[in-house]
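A short worksheet on the structure shown next.
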Ligand code: GAF
């Protein structure tokens, strides 16, 4: 159903408007965004759409076409961290964060539709957060800056939902541009929009959703973040961003053995982002394969956030001719990406499917990425 019709069916009136935000894939720069580092995501054409109308009474009513359980109704004083559970915590947390920041966000009815796969490492949570933020500010005549929306959405995810994520996903949803990848410096939040159009290079970027779901709230993500912070403290720097590649050997020898691999991953990953960004800026996407593959090895061996399904997707894609492949997102499941020549794309997809069948894994879902637009008003 389209979001307007869905809204009418649930609330029996017309919405004031529809706002949407995309899912994302990260090309390179994984687990760097909570280390003040560099990331390079691109928006998907798959989006989360929120139809919304203002309410005069401060009440928040939430409905998702994807979730069972009907309409979630929340009084103003029910918007308290820890009080709202399940999918509704994301939009509720965003309204809580906007109000806490002093924005005059009153009541609203919301209806959500989405084709961003959930739990696939494609940032469905941030798409929901940013689409909600635009909708609830939009119906009250407010238009905060996209960077501010991203910051408040991340705050909601930390303080209301309880996930200690970085700022990449919310920024990608809010600030990506069609046909481009977003080079984001997570320290100062400056962005560069770099051309990203695989088809123009005779290439495809395939996403392989390995259909292993693992929520970020599980604890392993928080543990990696804590290890990075311990590494920075041990080295006497504000964040691992401050360790240059040339300093890495000395830094590693100053660290206890258990912190060396995570530090090595973050420092080398920042350098890979810089390398891939330079290739995109130079129009040489074809040369980006090797740093992507090196990024996977680092996430698998040093950062230890891959899983057998992601490794099989990457290894099989490469054996079938991909120029480069890696897991994308937080890891422990989710999706891999593969940069492939257009004429190899079907063979790669077939090879991954049959490798998964032989290994007894669930059939993966494969699709090609077109760099979509960032968040905005749809109607
Ligand atoms: C998840 C988080 F939400 C991001 O902030 C980022 O840390 C990513 O994992 C890993 O790069 O998507």
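In case you wondered, yes, glycine gets a Cβ from its N, Cα and C as well.
Residues annotated as active site, proton acceptor in TrEMBL: 169. Annotation source TrEMBL lists substrate binding site at 30, 31, 32, 33, 221. Annotation comment: TrEMBL describes 64, 119, 120, 121, 122, 123, 124, 125 as ATP binding site. As annotated by TrEMBL, Mg(2+) binding site applies to 125, 157. If you look up TrEMBL, you'll see 7-53 marked as domain 'Galactokinase N-terminal'. The domain 'GHMP kinase N-terminal' annotation in TrEMBL covers 90-174. What TrEMBL lists as domain 'GHMP kinase C-terminal' is 278-356. What TrEMBL lists as site 'Transition state stabilizer' is 24.
Taking the features listed in TrEMBL, we show where each one sits on the structure.
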residue	record	Cβ neighbours (10 Å)
30	substrate binding site	29
32	substrate binding site	28
119	ATP binding site	18
120	ATP binding site	23
121	ATP binding site	31
122	ATP binding site	26
124	ATP binding site	24
125	ATP binding site	27
157	Mg(2+) binding site	27
169	active site, proton acceptor	31
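In the domain 'Galactokinase N-terminal' (7-53), the DSSP tally of helix, strand and coil residues is 5 helix, 25 strand, 17 coil.
According to DSSP, residue 120 (ATP binding site) sits in a coil region rather than a helix or strand. Ranking the recorded positions 24, 31 by C-beta neighbours within 10 Å puts 24 at the top. The two recorded residues residue 121 (ATP binding site) and residue 33 (substrate binding site) have their Cα atoms spaced 15 Å from each other. DSSP classifies residue 169 (active site, proton acceptor) as helix under the three-state reduction. Within 10 Å of residue 169 (active site, proton acceptor), counting CA to CA, the recorded positions 24, 32, 64, 122, 221 contribute 24, 122.
A Cα-Cα distance of 12 Å separates residue 119 (ATP binding site) from residue 24 (site 'Transition state stabilizer'). In this structure, the CA atom of residue 31 (substrate binding site) is 17 Å away from the CA atom of residue 124 (ATP binding site). Within the set of recorded positions 30, 122, 169, 30, 169 have a CB atom less than 6 Å from some atom of ligand 1. Among the binding-site residues 64, 123, the residue whose Cβ has the fewest other Cβ atoms within 10 Å is 64. Here the domain 'GHMP kinase C-terminal' (278-356) has, by DSSP, the following mix of helix, strand and coil residues: 49 helix, 12 strand, 18 coil.
Taking the Cβ of residue 221 (substrate binding site) as reference, residues of its chain lying under 8 Å away and at least six apart in sequence are, in sequence order, 163, 164, 165, 330, 332. Other C-beta atoms found within 10 angstroms of the C-beta of residue 33 (substrate binding site) number 23, with every protein chain shown included. Same-chain residues that are not part of 30, 31, 32, 33, 221 yet have a Cβ within 8 Å of the Cβ center of the substrate site turn out to be 29, 34, 35, 37, 39, 166, 168, 224, 266, 269, 330.
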